[in-house]
Amino acid sequence: MEDDSLYLGGEWQFNHFSKLTSSRPDAAFAEIQRTSLPEKSPLSCETRVDLCDDLAPVARQLAPREKLPLSSRRPAAVGAGLQNMGNTCYVNASLQCLTYTPPLANYMLSREHSQTCHRHKGCMLCTMQAHITRALHNPGHVIQPSQALAAGFHRGKQEDAHEFLMFTVDAMKKACLPGHKQVDHHSKDTTLIHQIFGGYWRSQIKCLHCHGISDTFDPYLDIALDIQAAQSVQQALEQLVKPEELNGENAYHCGVCLQRAPASKTLTLHTSAKVLILVLKRFSDVTGNKIAKNVQYPECLDMQPYMSQPNTGPLVYVLYAVLVHAGWSCHNGHYFSYVKAQEGQWYKMDDAEVTASSITSVLSQQAYVLFYIQKSEWERHSESVSRGREPRALGAEDTDRRATQGELKRDHPCLQAPELDEHLVERATQESTLDHWKFLQEQNKTKPEFNVRKVEGTLPPDVLVIHQSKYKCGMKNHHPEQQSSLLNLSSTTPTHQESMNTGTLASLRGRARRSKGKNKHSKRALLVCQ
């Protein structure tokens, strides 16, 4: 439902031409640095992020890639179900998908962040670490998600699962920044969260008159796919990267020949993420009605055809989680998910219900959000488990209470979340609220010069334009009405019928606004006058 995502990365734009002019940028281009386009090399899992380091200098590496856990710390079996606290199926479905994201789960189970975090209270990384640890090390049980996970977002009604997912990812990314308040915007794209979920778009315009080429690079955390004319994910991706001809009224104003001329424009993935979040745009921007069509998606997806360098060998991703919406409209329905445990077995995670499933069932769903991981990453994590490198449960009691074929034991009370400090919830609400998150997105729409369906403005040749983020760290004052509508923790386990929630999702105004972007997630303020 939303194709925008908040994040704090930078954007770079290059112009390189067969005929270079010696025009000097005027005073308005205060952030422009002259540079030459870096020589490209074949992309690999190890070099894709490095290419972005060449695009602009990075003053500080916030999370060196070598710090990412390489071996799996996850238990092989499936973990706990999540109690529905009242219209929170969207929270549960999203949390389960994040919990079974191998690089994220391994980092959380390593406890590396909490050992060095100076915030603790109000830190989304610490909160997610506690949740993932409890969920994975309490198989056969039902646990209550912490209030702090949805503080500032949940308002007593059902919301958009994708919005909550990216709200949480953004909060985790911001949690990587305390202590690095003055870092440049390019360094902020080196956070652990960006290394897991992030990559870079490349928007290229080629003037057909003088053959000048303009490249714009912009970060992403997820990819939204238009499915109205697509029967499969591959078709939607092909449509996304299909070259567009700019002519007539849409002719390109070239910065070299200084005239409006025909041009071709192409959007491709310049660097790939370790984990791909693909969002299928299933809801009408006007009516909110659901596009209830079957869109095929594969268990293994080769992303190489959609990269800037398509001839460097396969880039295979494997499916490990699927988020599903059941219903006919964005105004009601129910969310649940399918996840692939480390052992390779698929499970349906429907609030408290955890049942074994099959890949056939998984691939037959009307998916809303698809989660893919690079095949090499998945195999490395799976291999470490098969070799017995799985550590003892961190802080969890020894138990052999395992779910048989995914069936949960109902003869025990739900595991309660630790009593929360009121200051924790208050601070979390102050720092990140749903209204403020949507406000930021409204203020940071996709720039015309990057939108694949719009014509870019004129830029001087042979320049590097550094676009700083418009997102501010400061948040709104605490809203008592939102505080009062936080999760109502109950000790009772809901029935399946009770968990079939109906509620109003995000406003249609937000949906219409979000559709204007072309599958991009960082909304940059252009610090130069065009």
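Here the Cβ of each residue, glycine as well, is placed from N, Cα and C on the backbone.
The Cβ of Cys89 (active site, nucleophile) has 27 other Cβ atoms within 10 Å, all protein chains considered. Cys89 (active site, nucleophile) falls within a helical segment according to DSSP. Annotation comment: Swiss-Prot describes Cys89 as active site, nucleophile, evidence class sequence analysis.
According to DSSP, His334 (active site, proton acceptor) sits within a strand segment. Positions annotated as active site, proton acceptor by Swiss-Prot: His334.
Annotated compositional bias 'Basic and acidic residues' per Swiss-Prot: 382-392 (among others), in sequence order.
The compositional bias 'Basic and acidic residues' annotation in Swiss-Prot covers 398-413 (among others).
Here Swiss-Prot flags 510-524 as compositional bias 'Basic residues'.
According to Swiss-Prot, the domain 'USP' annotation covers 80-375.
Per Swiss-Prot, region 'Disordered' is recorded for 382-413 (among others).
According to Swiss-Prot, the feature region 'Disordered' maps to 509-530 (among others).
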Within 10 Å of the Cβ of His334 (active site, proton acceptor), how many other Cβ atoms can you find? Include all protein chains, please. 21
